[in-house]
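Worksheet for the structure shown next.
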């Protein structure tokens, strides 16, 4: 045993050293190579981006200057000025021209001076002012600018003297650039669009201002701009401006014809390996260069390489130490584990002989795997929750056909089914029961349990609850659809009976079309929910089939206007019993027609709107009726004829009648109510706010403000609205002619009444009477 221990010990030590050392060395070397290449590539790409950004920054300044000068020299003012001599007579023109030049220099572009020169009249204007030139001075200093064929060019010129003092706002910039020996000049031959050049426009920029833009990212980096002759226009070392690039042969391989060239070349400068990054300008042909030593580019990579080496050496040394001391202790737990296993096996009835300790450990692992299988078997007991999730996803339409069939078969549902159907169950109402709305979720859960207990598992998927609907997906192994439909009716009836017996609740069930594909379940669910809306017509405790809904019926509503008028009359008189009877008769009349649920809702919405209009006409605010929930929100929650009738009666009509009765009993103590009462009684007289004020002994202005404050409408608007409503009522219910109605309202002639009525209702009184006569006939 001791020999085996020693042999295993050295094998273990050698194996640990190899396994720990080789990967560390390999990963360290590989990481350094990859990181070094990556860092160098990143640094090179960063240099390209930097030179490109410098190109953009410089050309932004140059373009701004070029465009500003071009706009100025194309002006008719400058064109006319070049054709005139500059004498005392033209002093006003000189002042304007000088003002324009100062304005151009006010932009933050670094312009040092702008010169305008006329060859025809031998004068020039710049920061120094107006000067007249002789032919010799023009030939010596300015005629060379006419040699360019393009008419516009950028030149590097050595300064002859310090420029004149610019405007006050440019003093600081002028002082910072005063030491520059060179300036970059934009020269434009004038006029620009003429072949005969009679003048010049020259903008001077200190080359140092461009050098300031050429920021560097390294200590040894050189950044410069060269013209076509490799002359340095700008440099991060201003002392080199104006010199020619010394190693021209190194960059001769740059393709000057590619105006958008951006790249790098490797070279050796001053015995140092360097990288030159270049960008050829497509604006003026200048060449932007960045020269940096490769050693600086590799600084980060070298640091990472040194760090990697130190880490690898440290890890290897640490591994060696731990391997040396750790391997001595590794065998001890193996020996203890083996002894423990052998002890347990000795207690067994038929202990198994093992070749070594690891075979015993292997047997123990097999034993653990067997226990794992037992655990998996127990987990299958949680399958019901997964089946519930499957039903939810099936109704949401989230499963594709292949995925759907695979999951379906894995849950061991019935396989040989021929038809499916969705039952959508909804509680009709909790009124007249011992339950509250807060218990609705608990009731749906109880109903779901009843369905699970009464429908065999092989005939359904897992029932679920969605919002306020209990949903069951039925399966059928019956080949005949007629037999399946009979079975559906039996199941639906059985569920209704059980819910009534155990919970004392009335429920309705919507039945979808039978279908054959699982992927059609979502459409079937929507059918079941849709058909439940027909409880408005068929009442509570119904079993509704989607197939029985008539398709393609015309969209035509029905509304009993005469019954509504009776209802409104009883409301105005404050007679609750008669109003309730008229309401029940109106709703019964609506539901006696064969309409769709949406058409029923439209008719009931019309009743609701007319009641709201009546409240406004009577000067009763909606808040006086119900200030908790919107009337429309409450209306759309109603599910049966009984609920609709009770809601209209209890939430609108009774409170409205109560408000009217309180108004009558108070004997019009409120000022606004007195005014409304007078209007309703004397609307057909020569009624005015002044006459009412005199009668009530109030100031008319005070009455007007009080009436508007309490009714949110002015006296004249309310009077006009009430007269309009009475006019509409007379047009519908009486045989009075339009002329007679106009006379009752004291119009000078019937045409004034017709115009007023059409302005407010959009149609003439005659058309309105004719329209409502047709509705009554229908």
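Using the three backbone atoms N, Cα and C, a Cβ is placed for every residue, glycine included.
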Of 280-302, 303-325, 326-348, the range TrEMBL labels transmembrane segment: 303-325
Local confidence of the prediction over the domain 'HTH araC/xylS-type' (673-771), expressed as mean pLDDT: 83
Helix, strand and coil residues within the domain 'HTH araC/xylS-type' (673-771) as assigned by DSSP: 75 helix, 0 strand, 24 coil
